[in-house]
Amino acid sequence: MEKGPHLTKKHYTILFIIGIILLAFNLRPAITSVGPIIGIIREDLSISNWSAGFLTSLPLIAFAFMSPIAPRIANRTTNEKALLYGLITLLIGIWIRSTASITLLFVGTILIGVGIAIINVILPSLIKSNFPEKIGLMTGVYTTSMSIFAALASGFSVPLTTTAELGWQWSLASWSLLVIIGIVVWLIAMNKAPIKEDKELYEPSTVQLLRSPVAWQVTLFMGLQSFLFYVTISWLAEILISNDFSGSVAGWYVAYMQFISLPATFFTPVIAGKLKNQQPVVAVFGVSGIIGYSMLYFEPGMIGTTIAITLIGIMLGASISLALALLGLRTTNARQAAELSGMAQSFGYLLASFGPIVIGLIFDITNHWQPSIMTILFVTLIMTVFGLGASRNKKVL
């Protein structure tokens, strides 16, 4: 198929950025829309609590196993085509999951994880390739876009299911409209793309990255920040309820934490992109997280809890966006960025998948949240240490 008329560089760049934002919009709604209605799904399909919990962990497991494969897909095609394949897989997964079949519910969820994993891994490489001087800014744009729709999907899930009387199947399926829009815009962007000359890029082997101390520091930083994010999202409400807050107030605090993280999510990579050494940035949000979780340990009142969750939100927003920015800042070309992204996100999401389970198990054993919070504090400290190492002005190879 021949390409249509080429756009000017300025117009194509605008279209391309819109495409990236739409890709980011689709990275979380298919996942965050499930949690608020998991009880409805469980009752409707008569599945166990364990099965319902496994359903929420499946995307993370798919992320872990698919992340090393995604760069190979991009290397055999292009970053742009790999992202299109990711969107199509995500769309198919959403449709399959939205049936009344228990088997297809799990199959669709796996496909959703596979599709999102491809986009997760390739986006940093795409930004490295097309915006090498604007890595921080573009990372801020797409991580903030991702976070906004993650929160919106979580907030609208119950109203779509109950108030709008769509039922859980159509409520979950409704997010496929966003994917379809993303596919259409991305196809247009690909079709209007200026012709590029093929260049030989140095492609690192997996063994070389596995031997790189910087690559491991980036990987463990990403893994531990993901661990903290999923642990906090999973258990913060329960911790607050144990501190005598109502379930409704606890839920609003979780939403507030996601909202308050948005400025840090956007500005952290923008600032980091202007610095050769990002250690001061890591130190600031590391201390913020340590203070925030420490305050939760002492069961503060309303004001103290609000301050604690504000500090935790700043840490979570800043750490995820910096981790993604480092995939471009610590590599020398797009292909290397894709390989590092695959390594970091594979190990990272595998580590993150154990987080909610481990913290929940500690609570089951002790019947108190303080030991769990102490564990979270320890992980925050270790994340900060690896973040300081990863943020030095050194390349992975």
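Residue numbers in this text run from 1 along the chain shown.
From the backbone N, Cα and C atoms, a Cβ is placed for every residue, glycine too.
Look at TrEMBL and you will find 12-31 (among others) tagged as transmembrane segment. Same-chain residues lying 6 or more positions outside the transmembrane segment (12-31) and placing a CB less than 8 Å from one of its CB atoms are 6, 59, 83, 87, 90, 93-94, 112, 116, 119-120, 123, 126-127, 130, 138, 141-143, 145-150, 152-153, 172, 175, 178-179, 181-182, 185-186, 188-189, 192-194.
TrEMBL lists 12-395 with the feature domain 'Major facilitator superfamily (MFS) profile'.
The transmembrane segment feature in TrEMBL is assigned to 51-70 (among others).
Per TrEMBL, transmembrane segment is recorded for 82-98 (among others).
A Cβ distance under 8 Å defines the sequence-distant neighbours of the transmembrane segment (104-123), meaning residues of its chain 6+ beyond its ends; these are 20, 23-24, 26-27, 30-31, 41, 45, 55, 58-63, 66-67, 70-71, 73-74, 79, 82-83, 85-98, 142, 338, 341-342, 345. Summarising the annotation, TrEMBL assigns transmembrane segment to 104-123 (among others).
Sequence annotations record features per position, and here TrEMBL assigns transmembrane segment to 135-156 (among others).
Among the features that TrEMBL reports, transmembrane segment is placed at 168-189 (among others). When Cβ-Cβ distances below 8 Å are used as the criterion, the transmembrane segment (168-189) is approached by residues 12, 15-16, 18-19, 22-23, 25-26, 29-30, 33-34, 37, 40-41, 44, 80, 83-84, 87-88, 90-91, 94-95, 97-100, 149, 153, 157, 160-161 of the same chain, each at least six residues removed from its ends.
Residues or ranges marked as transmembrane segment in TrEMBL: 214-237 (among others).
The transmembrane segment annotation in TrEMBL covers 249-268 (among others). Within its own chain, the transmembrane segment (249-268) is flanked in space by residues 140-141, 143-144, 147-148, 150-151, 154-155, 232-233, 236-238, 240-241, 281, 285, 305-306, 309-310, 312-318, 320-322, 325, which lie at least six positions past its ends and keep a Cβ under 8 Å from the stretch.
TrEMBL lists 280-298 (among others) with the feature transmembrane segment.
Annotated transmembrane segment per TrEMBL: 304-327 (among others), in sequence order. Beyond the transmembrane segment (304-327), the same-chain residues lying 6 or more positions past its ends with a Cβ under 8 Å from any Cβ of the stretch are 124-125, 128, 135-136, 139-140, 143-144, 147, 218, 221-222, 225-226, 228-229, 232, 236, 240, 243, 245, 253, 256-266, 268-269, 272-273, 278, 281-282, 284-286, 288-289, 291-293, 295-296, 298, 337, 340-341, 344, 348, 380, 383, 387, 390-391.
Taken from TrEMBL, the feature transmembrane segment covers 347-366 (among others).
The feature transmembrane segment is assigned by TrEMBL to 372-391 (among others).
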Problem set entry | Residue numbers, six or more beyond the limits of the transmembrane segment (82-98), whose CB comes under 8 Å of its CB atoms | 23, 26, 30, 70, 73-74, 104-105, 107-119, 122-123, 126, 169-170, 172-173, 175-176, 179-180, 182-183, 186-187, 190
Problem set entry | Per-region confidence, the domain 'Major facilitator superfamily (MFS) profile' (12-395) (mean pLDDT, whole number) | 90
